[in-house]
Amino acid sequence: MREKKRVVIGVTGGIAVYKALDIISALRKQDVEIKVIMTESAKQFVTPLAFQSLSQNMVITDMFAEPKAWEIQHIALAQWADIMLIAPATANIVGKVANGIADDMLSTSIMATEAKVIFAPAMNTKMYENKIVQDNINKLKGYGYSFIEPASGRLACGDIGKGKLANVSDIVDRVLIELEEKEKDLLGKKVLITAGPTIAPIDPVRYITNKSTGKMGYAIAQEAKERGAEVTLVSGPTNLPKIADINFISVKTNGEMKEAVLRYYDFADIVIKSAAVADYKPKEYSNEKIKKGEGDLELTLARDSDILKILGERKKEQILVGFAAESNNVLNNAEKKLKNKNLDFIVANDITSNDTGFASEDNKVTILSKEGKVINLDKMSKKQVATNIFDMILGKR
Ligand SMILES: Cc1cc2nc3c(=O)[nH]c(=O)nc-3n(C[C@H](O)[C@H](O)[C@H](O)COP(=O)(O)O)c2cc1C
């Protein structure tokens, strides 16, 4: 097998161009081979020579350059790359790719590649928030292109807001993670995942819900897909972009989630319930909006279905994994839940910590198996937690 990983870095004409030099230097230290494609605009900011020196490789700018010193076809780099990283990515390149325009070396290579393409956008806040730019980003995400969100802060133009190129170290980490070859060890497996909150309606305009954002469940779905599984994701309301090439089912209430999960349960090999399903719902739903009165309003809550318990009772060959979001006695409570609900694994997290758990990018969890195996993981991204969950299910750790 070829040793060195290959990354094509597409550099476009934004003020953050110089940071691409740091990205190249960090990736080269990790023994990644780099080739650079610069747009004409990018050359206005930094010379190709700087990129050539750092990458120790060719820098390509002109699709029609003669003589073709490097004997390269216009799509050769597209085929060479394991990953294409576009950093910084202008509004222009995002718009061009989203609309199928291939009018220079970079856009042509992006269009022609079968490698994963990751955009790290950087632009003025108003440009980034522009609906057309956002539509273009969402369209590309829908086609399976990846994005590293820009950071917020003071921009080069003096504005304050979102649009700064993400941290160089975050970009480098992401590329390195993507370069790790994912073994297709879930090929042929059907994986059913639930994510996000559910809502319990009170009247036509009001409902009770919780702080779940769905990030953990979506990370699990993404991981399962990358490892070759056939994925069904049953999701409560979230603001997350849809994951391409999976079976996505959108639900709102506990009842809808139960119905959807039971529909797929018998066919699933692995079932991971990471959704924060509402335990209670208003005893009486009011068909009309409840009018505001002078005094207090009492709401009686009725117990709603315990979907995980139902799944445990009906379990046949499936591997059933639950989550325990606890604020005290985390491990004891998780152990009890593992037994009571007939689970194979439980992923326990302490939700009292501010920088992990709900809404956070990271999580710090302990995974327990019914055989008594306990794995304490350090704080890590939800995607890495997902990797560990499947590794544990497959007996790889
Ligand atoms: C000083 C300066 C800074 C710029 N910074 C950005 C930027 O950060 N992000 C962006 O999307 N466009 C920026 N632009 C505009 C792009 O350079 C312009 O849209 C160009 O057509 C992009 O071409 P390319 O995508 O082929 O590189 C900047 C322009 C100038 C003159």
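Numbers here mean position along the shown chain, with the first residue as 1.
Glycine too: its Cβ is placed from the backbone N, Cα and C atoms.
In TrEMBL, annotation is done automatically, which means it is predicted and not curated.
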Same-site CTP binder from Phe267, Phe323, given that TrEMBL records Asp279, Lys289, Lys337, Lys341:
Phe323
How many Å lie between the Cα of Asp279 (CTP binding site) and the Cα of Cys157 (active site, proton donor)?
49
At a 10 Å cut-off from the C-beta of Lys289 (CTP binding site), count the other C-beta atoms across all protein chains.
11
Using a 10 Å cut-off, grab the number of neighbouring Cβ atoms around the Cβ of Asp279 (CTP binding site), all chains included.
14
